[in-house]
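Undergrad: Marked as domain 'EF-hand' by TrEMBL: 1-28. Annotation comment: TrEMBL describes 123-146, 207-225, 231-250, 262-284, 296-315, 327-353 as transmembrane segment. As annotated by TrEMBL, active site, nucleophile applies to Ser235. Under the heading active site, TrEMBL lists His300.
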Amino acid sequence: LLSQFDPDNTGYISTEKFRSLLQRHGSELDPHKLEVLLALADSNSEGRICYQDFVNLMSNKRSNSFRQAILQGNRRLCSKALLEETGLSLSQRLIRHVAYETLPREIDRKWYYDSYTCCPPPWFMITITLVAFFLYNGVVLDRFVLQVSHPLYLKNALLYHPQLRAQAWRYLTYIFMHAGIEHLGLNVVLQLLVGVPLEMVHGAARISFVYVAGVVAGSLAVSVADMRAPVVGSSGGVYALVSAHLANIVMNWSGMKCQFKLLRMAVALICMSFEFGRAVWLRFHPSAYPPCPHPSFMAHLGGVMVGITLGVVILRNYEQRLQDQTLWWIFLSIYVIFVLFAIFWNIFAYSLLDLKLPPPP
């Protein structure tokens with residue numbers, strides 16, 4: 001029925017035409033679905049309705065906005081734009097700021113702003129940052145950061161080393177070590193400034209998946225493309241989150257209403273470029289422990305690839321279930337194929353190529 005109100009196939013119809021359609025055929029709809037559609041029309045500040053939203057509801061692929069209306073009965077989403085609201089507390093302003101930083105559609109910003117309770121809090125990013133980085137390195141190792149020239153740099157059970165690649169935990173635990181305070185500092189800043197707001201919106205499950213997928217892809221990328229080098233640092237996970245977030249901002253540029261978005265993107269890109277450039281320089285700098293080279297920079301690139309594939313799909317689909325997305329399955333299949341390829345590469349390629357690896361620490 002909606003197609004007759006959209007002769008140009010734009011994917012949208014005006015709210016006025018949408019209301020007339022509901023009045024004409026409302027008696028044929030389920031009362032709950034009718035109520036949700038009315039809430040959608042009331043809350044839309046752009047004067048138009050997305051056809052896909054209607055299709056999602058009628059096929060029971062309900063967005064968070066629809067689900068919120070169903071749960072709250074006759075309650076209508078506020079028709080006033082969030083930026084027009086005044087008299088907010090500091091916590092309310094923070095939540096509103098997070099909504100505008102991460103979500104491109106006003107209706108989703110309103111739903112998030114109205115429903116977010118900080119329960120559970122963004123525990124994953126905070127735990128990874130504070131417990132893993134500071135407590136372990138500071139308490140257990142008696143140093144907050146191990147410089148690449150420190151005697152204990154290679155002699156620990158955390159970093160990835162090509163001679164110890166059979167110890168599978170090292171493909172993950174290398175994120176707990178950092179090659180210098182500047183390495184740790186940049187990763188922590190990006191992780192907190194980008195990761196915490198993303199987890200507040202998308203939840204710990206999605207963000208932890210992107211982060212861990214970037215970490216694993218980073219170490220596996222090193223084992224395939226830079227086979228003689230060790231790996232330290234959380235750049236694989238951090239770059240997966242940041243690149244996914246920046247890609248979504250670019251893809252939804254017109255819908256992103258956050259202030260200074262161009263400046264924020266520039267700052268994030270400068271920090272990433274500086275840290276990546278430092279990693280490249282360090283990799284080819286004479287090692288303090290020859291013949292073992294300094295850590296590889298390939299983990300950064302592995303994280304970026306995860307971010308602009310799996311990460312983009314996960315962070316973009318705030319409304320719909322991931323299992324309903326074709327791209328999700330495509331990118332997940334590519335990721336799984338890469339992981340399987342890297343596993344077989346680690347098992348067979350090192351012996352077939354007869355590489356001269358650095359001695360174990």
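Just so you know, glycine gets a Cβ as well, placed from its N, Cα and C.
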Undergrad: Looking at the domain 'EF-hand' (1-28) alone, can you tell me the average pLDDT?
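TA: Result for the domain 'EF-hand' (1-28): average pLDDT 69.
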Undergrad: Where, among 207-225, 231-250, 296-315, do we find the most CB pairs under 8 A to the transmembrane segment (327-353)?
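TA: If we count Cβ pairs closer than 8 Å to the transmembrane segment (327-353), 207-225 scores highest.
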Undergrad: Ser235, His300: which of these active-site residues has the sparsest Cβ neighbourhood within 10 Å?
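TA: Least crowded of the active-site residues Ser235, His300, by Cβ count within 10 Å, is His300.
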Undergrad: For the transmembrane segment (231-250), give me same-chain residues lying six or more residues beyond its boundaries with a C-beta closer than 8 angstroms to one of its C-beta atoms, as numbers and ranges.
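TA: Residues 102, 104, 128, 133, 158-160, 174-175, 177-179, 183-184, 187, 190-191, 194-195, 198, 207, 210-219, 222, 256, 261, 265, 268-269, 272, 275-276, 279, 295-296, 298-300, 302-304, 306-308, 310-312, 314-316.
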Undergrad: Taking only the Cα atoms, work out how far Ser235 (active site, nucleophile) lies from the residue listed as 'active site', in Å, as a whole number.
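TA: Just about 6 Å between their Cα atoms.
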